[in-house]
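A quick write-up on the structure given underneath.
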Amino acid sequence: MTHCDVVDNNISECFNSWILEARYKPIISMLDHIRVQCMERIHVKRDYMARIDSDLCPRIIKKLNYNIEGSKKCTSTWDGGDKCEVKDLEGNQFEVDMKNRICSCRKWQLTGMPCIHGCQAILSINAAPESFVDEYFKKTTYLKSYSYLMSPMKGSKEWPLAKQVKLLPPKARRMPGRPKKHRRREADEVGGGYRLSKKGVVMKCSRCLVIGHNKATCKTTEAEALENHRKADEARKAQAEAARAHSLRSKQNVRKKTTQTAGAQSSTGVGQAKKRGRPPKAKQINQQHPTPTSSPQAPSTQEVPTEAAQKKRRGRPPKTSNTKVQTRKMPAGMGVFTGDDGHTYMSSSRSTVRLTDSEPNTTTQDAEQVSRQPSKSPLKKGGQMVFPRSELKK
């Protein structure tokens with residue numbers, strides 16, 4: 001057995017990319033560059049492995065730990081000797097021979113390290129799986145492979161001269177096209193780099209709109225090309241009309257659903273549900289100090305907002321000036337004012353008293369000036385607070 005599960009040529013591919021810089025040099029310079037690289041690689045790998053404390057190589061330890069973790073899903077039955085019977089979760093049964101390092105799944109023989117079933121059998125007898133790994137994967141074998149060092153060499157100027165005919169390099173001839181930097185890939189191999197592959201791209205002629213060739217190799221007549229363009233334009237227009245009609249139907253369906261939903265909400269009272277946004281501000285009336293209107297006894301009422309106005313709307317609330325207000329009865333406030341009939345009145349928290357004679361001779365401006373003058377001691381008349389007329393007419 002090879003004791004290796006590698007079935008590809010990645011080693012040669014890695015080495016080919018490792019000597020990429022040396023490949024563009026002449027033959028002697030290329031070989032000398034590769035020799036220096038190998039000479040340095042040998043002692044670097046040797047020193048790295050010498051610092052490892054384990055008896056196995058680092059990658060082998062990772063693979064073995066993976067198999068040990070997978071062995072937890074298996075059960076084993078020991079025969080008392082060197083063999084064991086292992087079953088997995090799927091019901092498959094395997095035979096493991098620990099002395100000859102053989103498993104019926106054949107993975108132990110191919111890789112050289114215990115498989116999942118082998119690890120379960122080894123752990124069932126309280127043994128260490130590391131001792132059943134092949135010698136090829138141990139630290140001692142790795143150090144033996146890098147124990148032979150490459151000796152340094154003299155420069156080309158100190159090389160001995162040969163008595164044979166001097167070889168001349170071939171004549172340089174520039175090949176057509178750009179020089180290749182990458183190897184030739186297979187047909188089914190994914191290409192590298194940043195350029196997208198054109199594999200599978202369908203070629204279409206821009207002149208006759210026929211698939212299979214391009215404009216440079218087009219042999220279609222002019223009449224056929226014009227006919228193809230006309231059909232393509234008709235198909236494009238029909239597609240646009242169909243898309244427009246579909247969009248219109250979608251909008252109509254949305255409006256219809258919205259109307260039905262609004263009607264259902266109004267009938268079931270769901271319209272009272274709260275909406276996002278701030279509620280509209282209702283016009284507030286100062287009940288303690290109301291602004292006097294044309295008549296002090298005129299009742300002032302406020303319109304009760306409708307159901308639609310009670311809904312909370314999204315966005316900025318409506319302006320208060322647009323709010324319809326009905327007059328309703330409000331308690332009288334304190335102050336002196338002039339009514340529509342020209343008389344001057346004084347309003348208190350309980351009643352309103354007329355202060356002028358039958359023929360008014362004061363204007364609104366005079367009444368306002370009187371209201372701004374400092375008040376003097378009022379007189380009591382029938383339990384009401386009344387200012388003297390002489391003081392108010394000044």
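Every residue, even glycine, has its Cβ placed from backbone N, Cα and C.
These come from TrEMBL:
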- 172-184: compositional bias 'Basic residues' (COMPBIAS)
- 229-239: compositional bias 'Basic and acidic residues' (COMPBIAS)
- 246-258: compositional bias 'Basic residues' (COMPBIAS)
- 259-270: compositional bias 'Polar residues' (COMPBIAS)
- 287-302: compositional bias 'Low complexity' (COMPBIAS)
- 345-376: compositional bias 'Polar residues' (COMPBIAS)
- 94-126: domain 'SWIM-type' (DOMAIN)
- 172-192: region 'Disordered' (REGION)
- 229-394: region 'Disordered' (REGION)
Long-range neighbours of the domain 'SWIM-type' (94-126), counting only residues six or more past its ends (CB under 8 A): 1-5, 60, 63-64, 67-68, 70-71, 73-76, 78, 82-88, 132-134, 136-137
Tally of DSSP helical, extended and coil residues in the compositional bias 'Basic and acidic residues' (229-239): 11 helix, 0 strand, 0 coil
